[in-house]
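**Q** Per TrEMBL, coiled coil is recorded for B:602-649. Residues annotated as domain 'Histidine kinase' in TrEMBL: B:656-872. Residues annotated as transmembrane segment in TrEMBL: B:6-28, B:40-63, B:69-87, B:154-179, B:191-218, B:244-267, B:279-305, B:325-358, B:379-400, B:412-433, B:440-464, B:476-497 (among others).
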Amino acid sequence: MLDILMIEDEPNIAEAVRFILTREGWQVALHGDGLGGIEAIRSGKPRLVILDVMLPHRSGTEILAELRNDHDAGLAATPVLMLTARGQATLHLPQADAVLAKPFANDELRAMVRRMLN
Amino acid sequence: MPFEALVAGCLAYVALMFGVAFAADRAASQGRVRWLDHPVVYTLSLSVYCSAWTFYGAVGYASRSGLEFATIYLGPTVVFTGAWWGLRRLVRVARMHHVTSIADLISARFGKSNRLAAFVTLIAVIAATPYVALQLQSVSLSFEVFATDSLTDIPLAGGGGTALWVAAGLALFTILFGTRNLAADERHHGVVTAIALEAVVKLLAFLALGVFVVWGLADGPADMLGRIASRAQDQGWILKPDRWTALLIVSGAAIVALPRMFQVLVVEAADEDRLGTAGWAFPAYLFAMSLFVLPIAVMGQQLLPADANPDLYVLTLPAQSGQNWLAFLVFLGGFSAATSMVVVCTIALATMISNHWLVPLWLGLRRKPQGDDPEDLRGFVLNARRVAILSVMAVGWLYYQATGGTTTLASMGLVAFTGMAQVLPAMIGGLLWRGANRNGAYAGVGCGFLLWLAMIFLPSVGIGSPPPLPAGVDPLAFAIFLSLTVNMLAFIALSIFGMPDPVERLQGLSFVSAVDPIRHSRLARGADQAEPLLVMARRVWGAEDALRFFRSEAAFQGKSGYLPDLTPRFLTRLERRLAGSIGAATAHAMIDSVAGGAELTVSDLMEVADEAQRAKEETQRLENATAELARTARQLREANDKLTALSVQKDAFLGQISHELRTPMTSVRAFSDILRTPDLSEADRDRFAKIIYDEAGRLTRLLDDLLDLSVLESGQAQLSITPANLHDLIERALSAASATRPERVFRVDREPLDEYVAVITDADRLLQVLINVIGNARKYCDAEPPVLTIRVRRNLRGGAQIDIIDNGSGIEAGRQALIFEKFARLNDPARAGGAGLGLAICREIMANLGGEITYLPGQGGAAFRIVLPRRPPVPVDAAHRLRA
Amino acid sequence: MPDRPLFLERASFRRRRLGDAARVLPVLAALAILVPVWWIPARVSFAAGAVWLFGLWAALIAAVWALHRALRRADAATLRASQAIAQDDDHAL
């Protein structure tokens, strides 16, 4: 089963996060665009979604809202970690389970993911 | 005079005409039209009325029928005494509608119907062909006079070779100066100036001959009158009241209805005010041309053998008396008369044939989507005109060869006059009577045309004969009265019992009340996109003229850029300007097809009529104030829209900066942490270090851009102004920009010769702009294969403009105003690497250099225009330092 | 401003009468050319006719010239008058 699905358009950040989390033993899949993000979640059924706020075509908040309204109650409850580069102003995202501001410390990311998966 | 000398003199004269036409066209293209537009030039150009028929034929006519010849010049004189309210109004209305020919006028008045225009064109072509043939005949006859040295056995059609040369030369002249470009108004300064000069030559020649005849051959005016009085027993000279009246009417009609006269009188007129001068000056010209006709006729009959051709008295009299130079001058006069008539007539006919036959046919045959072939229509129209010119000339020459020439010059002229006179009732009715309608026009012109064909035209070419008439009734006068009466009755009857369609009623109002026409406002409520219209206008006028027109219309509305709102005023003006190039009917149909106009209904019409009525009642001052208010309102609205957009952007700005800085920072921080992991493979370590390096570079670039922008915006930028060559700069920009998406192979369409323009500017800054724009094209152009077009033009007031155009899908109209704003590309899916500051920086650089960069809509792809001034403005503090 | 309407009326009155003259002139010209030929064709077909015709022609040209000059001046005067009034109005505002 897929542990983590990451939706992030910046290839370098995506690679860094995957590298960090894979070394912890989790299985990580990537999706690079807002478009098709929700479909990727539905088909991958990950235990955790890491979602960038600023995505091309569809923003992370839009994807999150759609996920929360999914008719499959199990899927709708998937824990979501949001990543944002827009500073403190956007840290308040009620539908997200956790929010992490960029740039972040790798330990911070690891700890947060570990807490959310367990 | 030896024949070779004659030919040489003739060629020199022709070369002079080409030179004059060329110089006038050049002057006009440089905007020096003051003397070209002078009323005297206009008046002289009207003298194209006096063709070879006048020059040679009037004397022949007078020797056969006495004073009757004068009707041909008295008719126009009567019409011109009414110039102030009659012709001025015709010219005003025609200019208002940018009418291109008499067929176009009729078509525009009667609901922009092209079929009607095509029909009028048919009449014009049938009537004019023998007339053109006649001019060719007169030139070759006059050559024969010099070639044979005999006064009596001059073959009528011996000079087929001469006529061919003349026709070919005239075709060349007409094509060169008559189809140079497809302007928004059909004026030909070169041609008009050349025929004005020819008018002077033919008048001087005729007056010189007259003075020689009256004071050289006869014994002054008193003796001359005595000689005329001695003809009292000649029954042929007794004036016939019915012919006298009919010919006055027909010649009065001809002065406005003949295609060539309509061309010089209406189409080539800059405005109606010049008729104030022409009103008396043109009758004076006709007076001077007629004054010596009777004396020359009488002297010719008395001095020359009885079987000499009276149509050639003007040449044979001086030749007989040993006055070779006078004979040569007269020859040049006759040559001028014939050539100027043929040239103007051919231009007028070619315009009608191309606008009303060929272009509608072509547009009807190929129903391709718009804009697939941007230059096609303009080229087609010009080529259609060239083909039409060649055809008219060729048919005229063939007609002359086939008929072997006619024996009297006068009869063919009258055939053309009476034919075109059939159009006059519809024209005058259309100008004076709002009730006149299209069916009436068809019926009137149709009946008149058939009667003319049966009773005048066909008998004149030897087919059939006029119906038998009781003795004492003149067949020509009878045919004229009958055809015009039936014409008018049919026109009035069908107009009374018919109902005009809405477009017709709208045009009728505009023509009869001489108010600006209003295009129905339906269209304005439909699509709000001016861009397809710009694309269409470009197909007709070419890019530069179309952009200039759209920009000035947008500026009038108080908008910046090239895309005005589709107000009724704008659509009306666009349609009329297009009509000036391709005729009213086609312009109307094209705008409808592009902007998707719906059928006009009667309720729309009522609305428009109300609008028109109100507009008429408003005083000029009120109109100006309203226009000014509307303009201000639009400016305010645009400013407000921009402010709103800006404040939204301002809010977003800090968020943007934060985002743009944090994103590379995230990668740097994450990977530098990862690098501290002990068991990394060497390959991973290298890759991660490179990522850190690249992201740090991206951060630096962003900070550079931000700093650059703030320096430029504050006007504190240090410019190093040097002379530079645009060709080199473009070359460097192309090679520097090729690093962007190197896998895309662009075809670059340039005109290197035009690029050698020296400018005084900051070359590095300009290069930065060029690289940015070209780089953008490489990044975003999605066409396959991609083509980049670069065009450089020198501006009239110094400086230059550079257009950079790709063939991709361009930028949608709604975003065109925003692309030069900071971070404009933020929500753009294709944002590839940069932060979206490139075009904002370009705009600031160009502002600092005293120029501008704008987006050009409607070019078939993304298109940017970079405008450079002659030199950058001197900064305030630098100027201050210089003074101190 | 008591003299304002008087001034305008005078200029425009003169302008209108000249306009009437411009409309009548072509009718007069046509009559002068047509009537003698219908009335006494034989007498106007030769020398006398030529003198009459060209004399009439020259007179017509002179008449049109004078009329157009007068019309242009009258137009200019009307324009000046209305501009003067427009200026007065501006001052009044």
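Keep in mind that glycine also has a Cβ here, set from the backbone N, Cα and C atoms.
In terms of burial and nearby residues, how do these features look in this structure?
**A** Below 8 angstroms of C-beta separation, residues 69, 72-73, 76, 131, 134-135, 138-139, 141-142, 192-193, 195-197, 199-200, 202-203, 206, 254-255, 258, 260-261, 264-265, 268-270, 274, 277-278, 281-282, 285-286, 289-290, 293-294, 296-298, 300-301, 309-315, 333-334, 337-338, 340-341, 344, 408-410, 412-413 of the same chain, each at least six residues beyond the ends of the transmembrane segment (B:40-63), sit close to that stretch.
Same-chain residues lying 6+ beyond the ends of the transmembrane segment (B:69-87) with a Cβ under 8 Å from its Cβ atoms: 49, 54, 58, 61-62, 243-244, 247-256, 265, 272, 275-276, 278-280, 282-283, 286-287, 289-290, 293-294, 410, 413.
For the transmembrane segment (B:191-218), the list of distant contacts is 17, 20-21, 23-24, 36, 40-42, 44-45, 47-48, 50, 55, 174, 177-178, 224, 227, 264, 268, 285, 288-289, 291-292, 295-296, 299, 303, 314, 317-318, 321, 323, 326, 329-330, 332-334, 336-337, 339-340, 343-344, 347: same-chain residues at least six beyond its ends, Cβ to Cβ under 8 Å.
Outside the transmembrane segment (B:244-267) by six or more residues, the chain places 42, 45-46, 48-49, 68, 71-76, 78-80, 87, 90-91, 94-95, 99-102, 105, 124, 128, 186-187, 192, 195, 341, 344-345, 347-349, 351-352, 414, 416-418, 420-421, 423-424, 427, 474, 476-477, 480-481, 484 with a CB less than 8 A from a CB of the stretch.
Within the chain, the transmembrane segment (B:279-305) has long-range Cβ neighbours (under 8 A, six or more residues past its boundaries) at 39-40, 43-44, 46-47, 49-50, 54, 58-60, 62-63, 66-67, 69-70, 73, 76-77, 80-81, 83-84, 87, 151-152, 199, 202-203, 206-207, 209-211, 213-214, 217-218, 224, 227-228, 231, 313-314, 316-317, 320.
Beyond the ends of the transmembrane segment (B:379-400), by six or more residues, the same chain brings 125, 128-130, 132-137, 157, 160, 163-164, 167-168, 170-171, 174-175, 178-179, 181-182, 342, 345-347, 349-351, 353-355, 358-359, 362, 540, 581-582 to within a C-beta distance below 8 angstroms of the stretch.
Cβ atoms under 8 Å from those of the transmembrane segment (B:412-433) belong to residues 51, 53, 57, 72, 89-90, 93, 102, 105-106, 109-110, 120, 123-124, 126-128, 130-131, 133-134, 247, 249-251, 253-254, 256-259, 406, 440-441, 444-445, 448-449, 452, 456-457, 460, 476, 479-480, 483-484, 487-488, 491-492, 495, 508, 511-512 of the same chain, restricted to positions at least 6 beyond its ends.
With a cut-off of 8 Å between Cβ atoms, the residues of this chain six or more beyond the transmembrane segment (B:440-464) that come close are 106, 110, 116, 119-120, 123, 126-127, 130, 403, 411-412, 414-415, 418-419, 421-423, 425-426, 429-430, 475-476, 479, 482-484, 486-488, 490-496, 498.
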